[in-house]
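So that you can see what the record holds, here are the features copied from Swiss-Prot:
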{"type": "BINDING", "residues": "D12, D13, D57, N59", "note": "Mg(2+) binding site"}
{"type": "DOMAIN", "residues": "7-124", "note": "domain 'Response regulatory'"}
{"type": "MOD_RES", "residues": "D57", "note": "4-aspartylphosphate"}
{"type": "MOD_RES", "residues": "K92", "note": "N6-acetyllysine"}
{"type": "MOD_RES", "residues": "K109", "note": "N6-acetyllysine"}
Amino acid sequence: MADKELKFLVVDDFSTMRRIVRNLLKELGFNNVEEAEDGVDALNKLQAGGFGFIISDWNMPNMDGLELLKTIRADSAMSALPVLMVTAEAKKENIIAAAQAGASGYVVKPFTAATLEEKLNKIFEKLGM
């Protein structure tokens, strides 16, 4: 099981969704969670360092989740960070685009705590966390 001190960054322009994800993470024992409202805000926080996992929405103003993902993967300092996309984009082409851009996992909204836990555990297992 992953380190409970792992620092998460939850990126979503909808504050209620950020709060839902934060609360689900808390239920799973992860209390070290920060929030960002779009990709630009997220990058500013990520460049300060210290994060171990990103959970990001797709559709956001300024910089969407896919652009954020591509930017993270192109930056050698952040490229290994796991990124879980949590989005209403359920179309096959969106899921393929996220996978090709390097998403560690993909969850379609709405989702349950069990679904989030299952995806996180798969990513932790794959990365040996």
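Using N, Cα and C of the backbone, Cβ positions are placed for all residues, glycine too.
A quick note: this is a predicted structure, and the numbers were derived from the prediction, not measured.
Features as recorded by Swiss-Prot, highlighted on the structure.
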residue	record	Cβ within 10 Å
D12	Mg(2+) binding site	26
D13	Mg(2+) binding site	18
D57	Mg(2+) binding site	25
N59	Mg(2+) binding site	13
K92	N6-acetyllysine	7
K109	N6-acetyllysine	15
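Over the domain 'Response regulatory' (7-124) the predicted model carries a mean pLDDT of 95. Rounded to a whole value, the Cα-Cα separation of N59 (Mg(2+) binding site) and K109 (N6-acetyllysine) is 12 Å.
Considering only the recorded positions D12, D13, D57, K92, the residue whose Cα is spatially closest to the Cα of K109 (N6-acetyllysine) is D57.
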